[in-house]
Structure formats: C-alpha cells, structure tokens
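K.L.:
Pulled these features from TrEMBL for this protein:
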BINDING   Gln57, Tyr58, Arg59, Asn60, Lys61, Asn89, Ser128, Lys158  4-amino-2-methyl-5-(diphosphooxymethyl)pyrimidine binding site
BINDING   Asp90, Asp109  Mg(2+) binding site
DOMAIN    29-206  domain 'Thiamine phosphate synthase/TenI'
Amino acid sequence: MVASGLPAFSHSARASSVPATIPPRPRGLYLITPDDTDTTRLLARVEAVLPHACWLQYRNKRADARLREAQAIALLALARAHHVPLLINDDATLAARIGADGVHLGEDDGDLAQARASLGPAALVGASCYDDITRARRAVDAGANHVAFGAFHPSTTKPGARRADPELLAQAAALGVPRVAIGGITPDNARALLDAGADLIAVVGGVFDAPDPIAAARAYRAAFERAHPSS
Ligand SMILES: Cc1ncc(COP(=O)(O)OP(=O)(O)O)c(N)n1
Ligand SMILES: Cc1ncsc1CCOP(=O)(O)O
Ligand SMILES: [Mg+2]
C-alpha cells in the first residue's frame, strides 16, 4: 500500500508477491542497474546492494526486448523480496505487462499521460527533466509524480548527458513532488545536491563500478544521514 491507501500496483500479470510500500516522502539511494546481459550476474550484483536502496530502476541499453523482459521479471521478484519498488526505464508497456511499480520516461520514451493511464494512479511515474524546469512542470501536469534533473557531474554511464545546475533542484521544490538528482554522483559530491533539495540520488557507476559496491552503497546512505540527521 502507498500513503494514499491505494494498492501500489493492481495490474500485476506475472509478478507474484506483494507490491512495495512507498513512503510519501522517499529519501535515499535510487539504484539504476548497469548494462549487464548476464542475468545471473546482474541479479547477484543488484541483490548485494539492494538493502541500501530506496528505489530500483531496471535500465539496460545492451539487452534486446526478450532479455529486457526476462531481466525485468527477475528483478521484480528480487525487488519485492526486499520491499523496494522497481521502476522500468523507457518502457511503460513492459512495466504494465509485468506489474512493476513504475516507469521512468525521458524525452524519447513516450507519453507520460498514457503511461499514467496504463499503470494506474498509484504507480511511480518519473520524468527526465534534464536542465529544464518548464519540462518538469509539464511532466507533473501530465502525470509524473517525481522528476529527475541532471546530469550534475560527468557520467561514464552516459557521457553525452546534458548538464544541469544544482539550483534547479531548489527551484523544483515548488512542484511538490520528489526530486531526483542523477549523473556522475558519488558519495562525496552527493551532499551539495542533497543540500540543494534532492530527495533521491540516482546512481549507476558510483555503486556498480565501485571496487566495493556494498561499501559504496553504504557511503551514499551515510551521506543522506549526514544531510538529514533526524530522519
Ligand atoms: C532517475 C533517472 N533520471 C534520468 C534518467 C535518464 O532518462 P533518459 O533521458 O530517457 O535517458 P536513458 O536513461 O533512457 O538513457 C533515468 N534513466 N533515470
Ligand atoms: C541515465 C543517465 N541520465 C543522465 S546521467 C545518466 C547516467 C547515470 O549513471 P552514473 O551514475 O553512472 O553517472
Ligand atoms: Mg530513456
């Protein structure tokens, strides 16, 4: 169940157990999967760090449609076991088909209002807003219930990503939805983004390319605890 009292997801076709509980003001590490086409290895990598994550996004730019569906279903079972919501990158149809908790859509990934309609009122629907506050306002009007800005730092995962200024995070407070920061974020540079108003820090490489991913995931958590000592 979510804060609204509505079920977090009711369209589940294939996932078995209970949907994740989504707090009204999520704060923490938003893990995004690396491009790993070895499903067994991907699951092991994610499972090791999932206890430190608030949300999980399945993103795999190297997998074909069949592998993406198989990996998404396997990750959904894992995420459910850890009570972490799973969002699917780029593909609202896949998210609806497997009963994921939500979707993340960028500028080339389809219509937010359609995604909201197909996933239902309780789903997590996120929008990439890059460096653009107007895009964020429109995204919320269209049905997004959280917005992502960035890249804030150079990203090895997405080297060509447009860059954004942390000031955007403060401006976006008026939207009244959780703000996600993404792009080259490390435990060391996360604090400035948390101070600017980020609720969630989305990370691929900072965790999955770290020599010790578990220690890295813990370090992000510690950054949140330092920034928000009472929560
Ligand atoms: C949380 C979050 N923020 C931004 C993105 C980037 O989305 P997009 O611009 O569609 O780029 P790709 O991820 O599809 O390469 C994201 N995935 N997640
Ligand atoms: C998908 C995406 N969009 C902007 S930067 C980025 C990649 C994030 O990965 P990393 O945390 O490794 O920079
Ligand atoms: Mg995309």
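Note that Cβ sites are derived from N, Cα and C of the backbone, with glycine treated the same way.
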K.L.:
When you measure from each Cβ to the nearest atom of ligand 3, which of the binding-site residues Gln57, Tyr58, Arg59, Asn60, Lys61, Lys158 fall under 6 angstroms?
P.N.:
none
K.L.:
Write down the Cα-Cα distance for Asp90 (Mg(2+) binding site) and Lys158 (4-amino-2-methyl-5-(diphosphooxymethyl)pyrimidine binding site), rounded and given in Å.
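P.N.:
Between the Cα atoms of Lys158 (4-amino-2-methyl-5-(diphosphooxymethyl)pyrimidine binding site) and Asp90 (Mg(2+) binding site), the distance comes to 15 Å.
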K.L.:
So which of the binding-site residues Tyr58, Lys61, Lys158 sit close to ligand 2, that is, with a CB under 6 Å from an atom of it?
P.N.:
Lys158
K.L.:
Where Asp90 (Mg(2+) binding site) and Arg59 (4-amino-2-methyl-5-(diphosphooxymethyl)pyrimidine binding site) are concerned, what is their Cα separation in Å, rounded?
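P.N.:
Pair distance, Cα basis, whole Å: 8 Å.
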K.L.:
Of Arg59, Lys61, Lys158, the binding-site residues given in the record, which has the fewest other CB atoms within 10 A of its CB?
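P.N.:
If we count Cβ atoms within 10 Å for the binding-site residues Arg59, Lys61, Lys158, the smallest count is at Lys61.
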K.L.:
I'd like to verify something. Among the binding-site residues Asn60, Asn89, Ser128, which ones have a C-beta closer than 6 angstroms to some atom of ligand 1?
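P.N.:
Result: Asn89, Ser128.
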K.L.:
Work out how many Å separate Asn89 (4-amino-2-methyl-5-(diphosphooxymethyl)pyrimidine binding site) and Asp109 (Mg(2+) binding site) at their Cα atoms, rounded off.
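P.N.:
Between the Cα atoms of Asn89 (4-amino-2-methyl-5-(diphosphooxymethyl)pyrimidine binding site) and Asp109 (Mg(2+) binding site), the distance comes to 9 Å.
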K.L.:
Using the residues the record lists for 4-amino-2-methyl-5-(diphosphooxymethyl)pyrimidine (Gln57, Tyr58, Arg59, Asn60, Lys61, Asn89, Ser128, Lys158), what whole-number Å value is the largest Cα to Cα distance?
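P.N.:
Greatest Cα-Cα span of the listed binding residues: 17 Å.
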K.L.:
Using CB atoms and a 10 A radius, I'd like the single residue among the binding-site residues Asp90, Asp109 with the highest neighbour count.
P.N.:
Asp90
